[in-house]
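Student: Please find one structure pasted underneath; my questions will follow.
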Amino acid sequence: MFEKFIKIVRSPIESTSVKEVRKDLVVLIIMDGLGIHPDPLGNAVLQARTPFLDVAWSKGFSTLIHASGVHVGLPELENGNSEVGHLNIGSGQVVYQSLPRINDAIKNGTFHENPIIAEAIKKVKSGSGTGSRMHLMGVLSDGGVHGHIEHLFALLQICKDFEIDPVVHVFLDGRDTGLTTGYGYVEKLLKKFQDLGIGRIGSVSGRFYAMDRDKRWERTQMAYDAIRGTSKKVATDPLDAIKKAYADGENDQIFTPLTIVDMEGNPLGAVQDGDVALFYNFREDRARQLTKAFVMEDFPNIEKEKELRDLMFVTMTGYEDGLPTKVVFPPKKIEESLARAISNKGLKQLHISETEKYMHVTYFFNGGIEEPHAGEDFFNIPSPRVFDYSETPEMSAGVIRDEVIYRINRNKDFDYSFIIMNFANPDMLGHTGNLEQTIKANEFIDECVRDVATATLKADGCAIIIADHGNCETMINREDGTINTYHTNNPVPFILLSRMSQITHQPGDNIMKLGTGRDVPVSGLLADVAPTVLSVLGIETPDSMTGLDLLGVMG
């Protein structure tokens, strides 16, 4: 982080030229995972040719906004992520997240007294005579995006206190942490087992399989089989298995699921009838598919030898309305949101992305609301079915662009007042660790944003260009030179365009690279985006929105 980003300016100022912006159509363009950092090392933003974004940054109403840590309801300096980002953007307020909520409960002791955990303990203890067992499953890392190793350790301590010997089903990370840090996390877990005198590993899976959210059910099937003890791939020692996988070219994220067995080939801890399974991930989107595999009877997407009977399935947070699970921390719904405020005015809106970010522009953006509001269209474009997005750096961005432009050009028929769209490329390519292909992705996104913004301005609308968190601006760790595949706590751009002159490069214009060239402090938060959109549309901001209208804080 560079020093000028530490200060945040929050005092509204009078700026007549900015205050005049008033449009009947706002298109919010989210470049997912595109943060700002001044160092070009491993920086797929600075190294990419982005002529449109450079002009828009230089001539539009632009600033930098916070997208991480306490500014989005996470612990201080915690990296931002897509779920949190879209939740803050759509709600217009800093939303207290599950991670600090759970951390606080562990710290103050209420976690150990949670009634759902107590119910799970009671079931295991009462069923001990028939072999009832506690299973703990989730991502094994301190990335803090989907789950946290300290939450697992707190659960292990509870098991110790109640003399329960649990089985842990490990999901290696490799995305919100280093590519091959999983070995070290498993070592920590085994050391914790040794210290407590309880615990064993029942299976190991890469998050690519166990935490798929793209309806690639064949991936979920492999993780399910490993946990159920029916996987064709087995190992007797998890550390040896991980070491061998690294030697074979795998990393944590794509680690092939396997069951841990004894020397006779018997599973050490398969989930069985009458057991308790506690999924300790707190982020819902990548936990839904595997949860459904366990709790939905006659589920057509997963092949099962037989249905599990009398299984108590517990989730750390609410993954989806209607799932037959017990929830440790029920979700806190956001009653007021940007989408609801627009709908309440009888206006129409479109939420569009490809599958990788569909949940974010719908469920998360709408404050955890599953169903669309009146006048709200959801549009999901399938993501490419490839093993690694570095194979297709364009992903489905071109299809998204074309669909949005089609609807803008025919808005007399669609009558949209607001469109939110997400380009997933900067984030998803950033996670691959492939700098060259991520640069290509960003250059393609520059073209897509140009085309959408141009169509918007020609339709006398307003285009707002932002990101939800950082990622692809730091693809090499500046401390040790290793590949970085996870999110950052860097700020993100905010650009508001309301007239064609702001995207037209004239002779003599001082054009600066996106995010550079001005010694400006960070002027806002993601929570400021919704009030700004409402201001442009001429809609009163709901009282629940604590964000500021950025039209009044940019000079």
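Our numbering is plain: 1 for the first residue shown, then up by one each step along the chain.
Glycine residues also receive a Cβ, built from the backbone N, Cα and C atoms like all the rest.
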Student: With Asp427, His431 listed by TrEMBL as Mn(2+) 1-binding, which of these, His487, His505, is given for the same site?
Tutor: His487
Student: From Ser62, Ser82, Ser417, Ser501, grab the residue that TrEMBL records in the same Mn(2+) 2 site as Asp32, Asp468, His469.
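Tutor: Within the candidate list, TrEMBL flags Ser82.
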Student: A 10 Å Cβ contact count, applied to the binding-site residues His146, Arg213, Arg286, His469, His487: which residue has the minimum?
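Tutor: If we count Cβ atoms within 10 Å for the binding-site residues His146, Arg213, Arg286, His469, His487, the smallest count is at Arg213.
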Student: Starting from the Cα of His469 (Mn(2+) 2 binding site), work out which of the binding-site residues (Asp176, Arg286, Asp427, His487) are within 10 Å.
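Tutor: Checking Cα-Cα distances against His469 (Mn(2+) 2 binding site), the binding-site residues within 10 Å turn out to be Asp427, His487.
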Student: How many other Cβ atoms sit within 10 Å of the Cβ of His431 (Mn(2+) 1 binding site)?
Tutor: 24
Student: I'm trying to understand the geometry here, so how far is the Cα atom of His487 (Mn(2+) 1 binding site) from the Cα atom of Asp32 (Mn(2+) 2 binding site), in Å to the nearest whole number?
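Tutor: Here the two Cα atoms lie 11 Å apart.
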Student: In the same chain, outside Asp32, Ser82, Asp468, His469, whose C-beta lies within 8 angstroms of the Cβ mean position for the Mn(2+) 2 site?
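Tutor: Near the Mn(2+) 2 site, beyond Asp32, Ser82, Asp468, His469, sit Ile30, Gly33, Ala67, Gly80, Asn81, Gly85, His86, Lys357, His360, Asp427, Ala467, Asn471, His487.
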Student: Taking Cα atoms as reference points, which of the binding-site residues His146, Glu284, His431, Asp468 is nearest to Ser82 (active site, phosphoserine intermediate)?
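Tutor: That would be Asp468, the closest of His146, Glu284, His431, Asp468 to Ser82 (active site, phosphoserine intermediate).
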